[in-house]
Each structure stands twice: as C-alpha cells, then as structure tokens.
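Engineer: First, the structure itself, so that you have it in front of you.
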Amino acid sequence: MKFCRFGQRGQEKPGIIDADGKIRDLSGVVPELTIEALAAAKGADVASLPLVEGEPRYGVPVKGIGKIVAIGLNYEDHAIESNLPIPTEPMMFMKALSSLNGPNDEVVLPKNSTHGDWEVELGVVIGETCRFVSEDEALSKVAGYVLVNDVSERFNQKQRGTQWSKGKGHDTFCPVGPWLVTPDEVGDPQDLDMHLNVNGTRMQTGNTKTMIFNVAQLISYVSEYITLYPGDLMITGTPPGVGEGKKPQAIYLKAGDVMELGIEKLGTQRQQVSEWRHLGDEVFG
C-alpha cells in the first residue's frame, strides 16, 4: 500500500493511493498518518474513500518522525568519488528534524552557500522499537520505505570541522516522499533502481543492490548504539554521481536549479533550488 499526506504546510491530511494512482482522503478513518495509525489505515475500504481532486501538494508522508539517522558512504563508488576510504562498518550521522521537507517543495540554500549538493537515497521508516535487533529480524521492524533527497552543503559538511550534521541539517535539506510504501509492495529493498537529474541532465544512476551494508545490516547495527522508535527515519546512503565528485570539475547547486529524482516503486520528487531567505516560523514536512 502507498500512504501519503497532502495539503498545505501544517494542514496536511492523511491519504492513500488507490489502484488508479489517485489520492483518497483517509481523514475519516484516521486523524493523522502516524505509525500508530497505520493499522487502522490499512483496514480502510479504499474504493469507498473520498477522491481527492486536482494535484494537491504532498507533505512528508508520515507524521511524527522522531529522529533522522543517516548512513554515509554506503556505496563503494560514492566513497571513491568522495576521496574517502571505503568504510569497514557503517558511518552514522544525524540530520535535523527541521530539515524535513515535502517531496516537491523548494530547497532553500543556506546563507552564503557555495557547495550545495544532491543525494538520492532509500529511506526506511521504522515500525517497531529496535534495540539490539538481529539482522534476521530487522526487516520485520520496517513500517515502509520512502524516497529521500539527502541535500548537503559540502563546505559546511567537510571544511569547517568534522561534524557532518552542520552541512546536512539545514532547513529544507531532507525532502521525503511522496509516499510511504509498505514492505509487501516494495519486496526486496536491495533491488531498487534509483536516479537523480539536475536541470534535465542525469547525474546519478544506481541500484540499492550495490550498497556496502544492506538495510537489515544497517538497522541491526544502528540499534546497537541508538534505540530506534516507531516513526524514526533511517536514510541509507547514495550511489555515485554527486556534484562534488564530478570530473574534471565539481558541480554545485545554485538558485534556479531543478532536481528530479526517483526510486523504483517509491515515486518521484522535484525540487527547485532557491537562494537563502529568512524562513521564519514556516512549518516543514
């Protein structure tokens, strides 16, 4: 099943995608699309739900994400293009919750940004508490999978100390969605094609089968150090083709650029890049 949240920022409603690819309004079944509400949402008679007209905005497809755990350098070719050693165990960092963004909302570069970059990634939404979970049971703890763009500011990430979160956690830097897709519909998470274009030019092409550490290994590993709760989001690394790795010269995002990305079975995203402005108290997600 494919679940979503649709509507203006801060006013999203829960939805489900029907057999024709249309949004059906779930708000008469559940008040919000949280992990706790998924069981009731799955039991809905989809054909009887109100059809949502037009093309509403998609928000982050699940409400109540508690934390964003990210895995770096999880594709061998990406580690090589980044001039970094291939990890012998997963490299973990965190993205700020304030970086959450709708899948087609604008990405706002931070003030004085010069090294904005893109990363198409498979996201994993946790459905049950994970604490010292074995690899064998790890996938049973997954509520669903999502498409994520792990937008980055490489100068802040790498040139101003060693805390990657400084370059990964800027506002709008974690577009998620359009859908939360249940594991039964995705099948094997280690065989999903993925791509990303910038201004119509293909930049990244890959498949999750080339991950260094697979999804089950990552959930098990992370759960040894950080308890994962229902609704937590783990993003699993990106294939080669990021801007900083382009030859003979790196390519970085600028205002007006358009990123378009997708993962097989998980849908597509489109974001226009904007220059920095004060975002005030805008609600993200």
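A Cβ is built for glycine as well, from the same backbone N, Cα and C atoms used for every other residue.
Bear in mind that the values here come from a model prediction, so they are computed numbers and not experimental data.
Feature table excerpt (Swiss-Prot):
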BINDING   Leu73, Lys168, Thr238  pyruvate binding site
BINDING   Glu119, Glu121, Asp150  Mg(2+) binding site
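Mind running through what each feature is packed against?
Structural biologist: Cβ neighbour count for Lys168 (pyruvate binding site) (all protein chains, 10 Å cutoff from its Cβ): 26.
When Cβ atoms from all protein chains are considered, those within 10 Å of Glu119 (Mg(2+) binding site) total 23, not counting its own.
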Engineer: So of all those binding-site residues, Leu73, Lys168, Thr238, which one's Cα sits nearest to Glu119 (Mg(2+) binding site)?
Structural biologist: Thr238
Engineer: For the binding-site residues Leu73, Glu121, Asp150, Thr238, work out the Cβ neighbour count at 10 Å and name the residue with the minimum.
Structural biologist: Leu73
Engineer: Hey, does DSSP put Glu121 (Mg(2+) binding site) in a helix, a strand, or just coil?
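Structural biologist: The residue in question, Glu121 (Mg(2+) binding site), is strand (DSSP, three-state).
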Engineer: Which of the three DSSP-derived classes (helix, strand, coil) applies to Leu73 (pyruvate binding site)?
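Structural biologist: Assignment for Leu73 (pyruvate binding site) reads coil.
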